[in-house]
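*Asks:* Input: one structure, supplied below.
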Amino acid sequence: MLNKSFAMYVYVQQFHRDMPPTPVFVYGQSLQTATFPGPTIVARYNVPLYVTWENHLPDAHILPWDPTVPTAIPKNGGVPTVVHLHGAAQAPDSDGHAFAWFTRDFAENGSTWTQKTYTYPNVQPAAGNIWYHDHALGLTRASLLAGLLAAYIVEWPELEMPFNLPSGEFDLHLVIADRKFNVDGTIFMDTVGAVPSVHPQWQPEYFGEVITVNGKAWPFQAVQRRRYRLRILNASNARYLNIRFSNGLPFTVIASDATYLSRPVTVSNLLLSPAEIFDVIVDFSLVVNPNATDIELLNSAPYPFPTGTPANATLDGKVMAFNVSAKWQVGDDMPMQEPENSTVVPEIGVPFAKVTALPPTMKTRYIVLYENMTSNDPNTAKTMNLYINGLRLEDPPTETPISGTTELWHVINLTPDNHPLHLHLAEFQAVQMLQLVDPDTFKSCMLKHNDTFACNLDQHAVGALQPVPEEEKTWKNVVKIPPAYVTSVVVAFRLVHNNMPYPFDATAAPGYVYHCHILDHEDNAMIRPLTLLP
């Protein structure tokens, strides 16, 4: 049993040597050690961690926020906050519920707040790549943009040691997030909304032209000519990343989000939605140039994804650079001895990663993603809000699965954007992506009736099948939902690696939520309650 205390502070951080220092919100065990991103917490499988979260934030937020979207607003000032361990299985009272917020010194708290110390059982399967971040109602986009996010690893030595993966200095976290800055170094966030008569400040997506990695703008990382493990997290508010190396160096994907694949998959590029993690092996010994050389990690995803503005080759099209050491030559000093398999990827994998069959009695649900626009003209229409099944977070729960069961959700995207769907507690994976035929007619009917059967979904869900990428065929905590598609996902309300029930009461109050992880969408109001039943 381990006990830790972490707090949130306001601090100043240098994102680039040519920029003024930037005020940020940070996590840390003290102000002196706090950073953006926050400290990476390393836990052990099946060893509980007890964390007391403290709020030492100032009286006012450092970024603008919009009180016209559902928001935690304390009566006596202060910045509300609550921590969600994203991708973990924990009891509802430790999940970071949106209404479980609290202000500095616990002076005020939300309606579902009950305790200062959270219990993290650490029972989800390896590879254990998860992260923690703020989750206060209506403030996720502002508070994560301000800096309240960090990586969390659950190690499982008995499972992972035979894989002989790169470790220590050869195991790197890359926490990627886009930002926009004012000339004085402060983070820029719009103060005027897309439809100010409805929401004075809220914008449907935040995009910054500066790409930061581990708190630095366009950084450099020195690497040797050997294998590295890169745990890549897209911690951007809304930006998708389609990353590749400038010299074509491949990624060997071993895990996606918290779970290993059934076998490694080698790809030339990776598409990461916000909140998505890929765990990859990169072999820098494959770099052809024998001299010390730089290779760039590039991004080509348009924003919003998939049909928005192309990435700028000199700004958001660049992520970082890797400084690859010179190749060892006869007569040079002998390099550090490397393990014999340093350029070999083992055939690691876990047998429970892929869904192989769907039980015929599986409960089926239909989840519909809506975008409420100012008009029907695609050239002038502005987004006012977004909903799931036409409902708000405050509306009664309609997704009430039985704890320990598995369900099939058909997620129908009637918006022009790709949405990263995130479920708290549960793990899930896409098994089919089916294109809608004549989606405008179906959407028009759904906006009137909000009923998939009355609108003849079976006559529209007959288009092309898009294959689920091999690197995403495992149990995930974020699944990409493309526009004008029905994406079918298998959702497990149990521990997938051993088929056991949760070691806590997942049916307790205040329950869980599921939502789009484009933070601006989540805040207004693409989020719904998820209540498990006994």
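Note: Cβ is positioned from N, Cα and C throughout, glycine not excepted.
Small disclaimer: the values here were computed from a predicted structure and weren't measured.
Positions annotated as Cu cation 1 binding site by Swiss-Prot, on the basis of similarity to another entry: H84, H422. Marked as Cu cation 2 binding site by Swiss-Prot on the basis of similarity to another entry: H86, H133, H517. The annotation N-linked glycosylation site is assigned in Swiss-Prot to N109, N234, N291, N312, N323, N341, N372, N450. Positions annotated as Cu cation 3 binding site by Swiss-Prot, on the basis of similarity to another entry: H135, H424, H515. For 219-291, the entry in Swiss-Prot reads domain 'Plastocyanin-like', with the evidence type sequence analysis. Under the heading Cu cation 4 binding site, Swiss-Prot lists H419, C516, H521, M526.
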*Asks:* Going by Cα-Cα distance, pick out whichever of the recorded positions H86, N291, N450, H521 is nearest to H135 (Cu cation 3 binding site).
*Replies:* H86
*Asks:* Can you name the recorded positions among H84, N109, N234, N291 whose CA is within 10 A of the CA of H133 (Cu cation 2 binding site)?
*Replies:* H84
*Asks:* Cα distance, N234 (N-linked glycosylation site) to H424 (Cu cation 3 binding site), nearest Å?
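*Replies:* N234 (N-linked glycosylation site) has its Cα 18 Å from the Cα of H424 (Cu cation 3 binding site).
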*Asks:* Whole-number answer please: how many Å between the C-alpha atoms of N109 (N-linked glycosylation site) and H419 (Cu cation 4 binding site)?
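*Replies:* Between the alpha carbons of N109 (N-linked glycosylation site) and H419 (Cu cation 4 binding site) there are 31 Å.
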*Asks:* State the Cα to Cα distance, in Å, between H515 (Cu cation 3 binding site) and H422 (Cu cation 1 binding site), rounded to an integer.
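*Replies:* Cα-Cα, rounded: 5 Å.
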*Asks:* According to DSSP, does N450 (N-linked glycosylation site) fall in a helix, a strand, or coil?
*Replies:* coil
*Asks:* On the 0 to 100 scale, where does the mean pLDDT of the domain 'Plastocyanin-like' (219-291) fall?
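*Replies:* Mean pLDDT across the domain 'Plastocyanin-like' (219-291) comes out at 97.
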*Asks:* Restricting the comparison to the recorded positions H84, N291, N312, N372, N450, which residue's C-alpha is spatially nearest the C-alpha of H419 (Cu cation 4 binding site)?
*Replies:* N372
*Asks:* Using a 10 Å radius around its CB, how many other CB atoms surround N372 (N-linked glycosylation site)?
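*Replies:* Other Cβ atoms found within 10 Å: 15.
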*Asks:* Could you say which of the glycosylation sites N291, N312, N323, N450 has its Cβ with the most other Cβ atoms inside 10 Å?
*Replies:* N450
*Asks:* If you run through the domain 'Plastocyanin-like' (219-291) with DSSP, how many residues end up as helix, strand and coil?
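*Replies:* Split by secondary structure, the domain 'Plastocyanin-like' (219-291) comes out as 3 helix, 42 strand, 28 coil.
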*Asks:* In sequence order, which same-chain residues at least six apart have a C-beta under 8 angstroms from H422 (Cu cation 1 binding site)?
*Replies:* H86, A275, N477, V478, Y514, H515, C516, H517
*Asks:* Closest of the glycosylation sites to H521 (Cu cation 4 binding site), Cα to Cα, picking from N234, N372, N450?
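*Replies:* Nearest candidate: N372.
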